[in-house]
Amino acid sequence: MTKFLGPIAGFGVTFSTMFKKANTEFYPEEKTPTAPRYHGRHQLNRYADGLEKCIGCELCAWACPADAIFVEGADNTDEERYSPGERYGRVYQINYLRCIGCGLCIEACPTRALTMTNEYEMADDNRAGLIYEKDRLLAPLESGMVDSPHPMAPGTTAEDYYRGTVTGGAAPASQDEPEADDTAGDRP
């Protein structure tokens, strides 16, 4: 008897789901918000004055199981300072054809320079377009930030940056550049 009721019970499940309302998502017209901790596109963060947080240590590249990250560090100079430390990431590439979105690179970063955003629309018809360079990964400049290279904020050290005590604002002009004079004689 149970031999005959088994298939009927299976058809009962199928029959009951036939009359349920379909859960249709109207993507891409209506985009549903992602979870706050969603692993989307990577972002290279900046300090409050615009200097880059990446110190070019290459720990993210070593931690990546898919070998999707390439970092080449370089030394900062007093003339060209990209980060508050001795080094910065001169070349930074993430190959999204290889990235598996695991987030191990985020955990490996000692300065929290690398985070993941909620952006997930990265499709491209060109394979080369899915290799993101540093210019596409850097966080956009906010108000009060100055694009690097520029000197550190006056009176601060690299430790002040790492502790988070540096606030936004442009670094003062160097002594080599003359300051603008607001007198009427300077205007054409």
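Even glycines carry a Cβ here, placed using N, Cα and C.
In the structure as shown, the Cβ atom of C57 ([4Fe-4S] cluster 1 binding site) sits within 10 Å of 18 other Cβ atoms. The feature [4Fe-4S] cluster 1 binding site is assigned by Swiss-Prot to C54, C57, C60, C109, with sequence analysis given as support.
Look at Swiss-Prot and you will find C64, C99, C102, C105 tagged as [4Fe-4S] cluster 2 binding site. Taking a C-beta cut-off of under 8 angstroms and a sequence separation of 6 or more, C64 ([4Fe-4S] cluster 2 binding site) has the following same-chain neighbours: C99, L104, C105. In the three-state DSSP reading, C64 ([4Fe-4S] cluster 2 binding site) counts as coil.
Taken from Swiss-Prot, the feature compositional bias 'Acidic residues' applies to 176-188.
For the domain '4Fe-4S ferredoxin-type 1' (44-74), the model gives a mean pLDDT of 95. Under the heading domain '4Fe-4S ferredoxin-type 1', Swiss-Prot lists 44-74, citing sequence analysis as support.
As annotated by Swiss-Prot, domain '4Fe-4S ferredoxin-type 2' applies to 90-119. Sequence-remote contacts of a segment are chain residues at least 6 beyond its ends whose Cβ falls under 8 Å from one of its Cβ atoms, and for the domain '4Fe-4S ferredoxin-type 2' (90-119) they are 33-34, 36, 38-45, 52-57, 59-74, 127, 130-134, 137, 162.
Sequence annotations record features per position, and here Swiss-Prot assigns region 'Disordered' to 144-188.
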(request) Please tell me which one of the binding-site residues listed here (C54, C57, C60, C109) sits closest to C102 ([4Fe-4S] cluster 2 binding site), measuring Cα to Cα? (result) C60
(request) Tally every other Cβ atom lying within 10 Å of the Cβ atom of C54 ([4Fe-4S] cluster 1 binding site). (result) 27
(request) Please state whether DSSP places C105 ([4Fe-4S] cluster 2 binding site) in a helix, a strand or coil. (result) helix
(message) As a test of the contact definition, list every same-chain residue at least 6 positions from C109 ([4Fe-4S] cluster 1 binding site) whose Cβ is closer than 8 Å to its Cβ.
(response) L59, C60
